[in-house]
Amino acid sequence: MDNKLEKMKELVEELNQYAYEYYVLDNPSISDKEYDLKYDELVILEKKTEVTLPYSPTQRVGDKILGEFSKYTHKGRLWSLDKAQNMEQLIEWHNRNLKVIEQYNSMSEDKLPELRYIVTKKFDGLTVNCTYDENGILIKSATRGTGIIGEDITAQIKTIKTVPLKIKNNHVIEVHGEAIMTKTAFEEYNKAAQVPLKNLRNGAAGALRNLDIKETARRNLSAFFYDVGYNEGPEFKSYREMMNFIKNMGLPQDKYIKECTNMEEVEKEIEYIESIRGELDYDIDGAVIVVDDIKTREILGYTIKFPKWAIAYKFEAKEITTKLLDVEWNVGRSGRVTPTALLEPVELGGVTVKRATLNNMDDIKRKNVKLGAKVLVRRSNDVIPEIMGVVEESLEESEEIQAPDRCPYCNSHLVQNGVHYYCENTLSCKPQMVKSIVHFASREAMNIAGFSEKTAEQLFEKLDIKSIADLYKIKKEELLTLEKFKDKKSQNLIDAIQNSKNCDLASFIYALGIPNVGKKTANDLVMKFKTLESIKNTTIEQLVEVPDVGEIVAKSIYDFFEDEKIISNIEELLNLGVKPYYEEERIDENPFMGKTIVVTGSLNNYSRGEIKDKLQSLGAKVSSSVSKNTDYVLVGEKPGSKYEKAIELGVKVINEEEFSNKIK
């Protein structure tokens, strides 16, 4: 048995070395036939001994389907990078670095060296983190996730032949890299694929987030490594030293690494990378510039999101030319009428683009966009389609885009306000009315259960509902005439509408649909002014005293309650029995009074609504997102990304038991 194990270890070491020579160095020392013979010998020995070494090349073969992804907490954080879109922004970043270094050197005897940068390509794939233990064995691979917690993709990463399963290292490290799909692998995969892939990035991301390991293996991914994020061994003094370590460990690394001492050199390297972008066998979307000296990095430090010693230079988004066929005008809940470009379908970055946003008529005129013209379409940040301009030669046979003077839905005359057009027919314009009703009935507003957009459309079309107040005039017999409304459903909706009449004032304010006013602002208004009458009669000067209310929001609120139609509708709601209330309770001193609290996960003793009410009764502000202004994050079972964000920002985290003890 011992002899067989020794032979297995010998074969594994040999085969891994041959794989490194073949896939990473592109310089094989044995033939494919010789490799296959040794591989087959190893497979036979593994079957006989029923032992498989964790770094055996046979572990690369995907032959199973996993049940689910598990979470993995990174030992070292995977930071995002700040971005520069042009050289001016890059120079500003450089000057900030210079200033910090000059200040440090003026006060310290231990001087920092002259700034030196390392420039590399920015790969457009999926960031991965590989953990090697003290024996050099790959024990875990994970996605970046939040930067603190990712998803375990160890089995998927093992299908990447360039990633070593064992390295010659005797301390725990985490190595960061980018998993990519080459153009060659992409084309080969699509030749036989029933559903062809549209782009390289999705090909890589989809492979690593696929529970079918065979499918992952079929995509034949590659990887480049560029950072040691966690290291229990000797510290590195420079990024160059770190990159040499990565290379010496046999991890695949891009050959392009350039050292620069000033911004002129950096700019030349960026121009070079962009010039070869189309020639590469993989996608890149920019360049990465990092400070070489590790001590200088430590002095420069970090923001909440980014290291200050590194930045990504983003290339211009990909553009393509297509024809503008038409412009569609849509009406929102506020009555604003906005244009959308309808395009001749075109492939851009692996996505079929048919529509693009045109912000307003000023934007259309500024870009000289015309019907029938060839337009330049860009997917900003490779995601959102945007018209950047026109091909001048195509304008001869084009037509001017005319701003509508009537609403495309109700034919009412439009009113221009600034750069936007508005339909003021709030009562009879279907899109406005339907969206307003849906908003009014939503859970955060009047909480009318069983209400949907389809129901709102039927109420508008069949029952002639032309105002929010009309909801409270509906009769059960009328609902029975609607599609899919039987006796029980009709009665349930009538009951839900009637039950909504007794509502808290903050929900009522939110339900009114005041522009720029969300639920939090509605709560803040009520806390400040106490009554509906006070809110209606407040001034802009008083409104800006409310937390997080600036002049724009204050003017929106003020103008809203100056509208006679709106005041009339509110009066009608009150006359129909809607009774918004506000109960100001005397709150005893407690640890949560005046604190901002975020809740995440499932609690044993409270529903989400109950814990929100409980916290507010304690005088706390309940927020939906974690920020540096958050005082506590209350964590239940199966917490989400808010918990991770709290850890990242150093926000105090408490569980349900701790919460209960604090309020006893």
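Just so you know, glycine gets a Cβ as well, placed from its N, Cα and C.
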Starting from the NAD(+) binding annotation in Swiss-Prot that includes ASP32, LYS33, GLU34, TYR35, ASP36, SER80, LEU81, ARG144, GLU178, which of LYS295, LYS314, LYS323, LYS354 is the extra site residue? LYS314
Give, as a single whole number between 0 and 100, the mean pLDDT over the domain 'BRCT' (587-664). 84
If H, G and I count as helix, E and B as strand, and all else as coil, what does DSSP give for LEU81 (NAD(+) binding site)? coil
Local Cβ density at LYS122 (active site, N6-AMP-lysine intermediate) - other Cβ atoms counted within 10 Å: 20
Cα proximity to CYS410 (Zn(2+) binding site), best match among recorded positions ASP32, GLU34, LEU81, LYS122, GLU178: LEU81
Which of the recorded positions LYS122, CYS407, CYS423, CYS429 has its Cα closest in space to the Cα of GLU178 (NAD(+) binding site)? LYS122
Per 10 Å Cβ neighbour count, which of the binding-site residues ASP32, GLU34, ASP36, GLU178 ranks highest? GLU178
Rounded inter-Cα distance in Å - ASP32 (NAD(+) binding site), LYS122 (active site, N6-AMP-lysine intermediate): 33
On a C-alpha basis, identify the one among ASP36, LEU81, LYS122 that is nearest to CYS429 (Zn(2+) binding site); the candidates are the recorded positions. LEU81
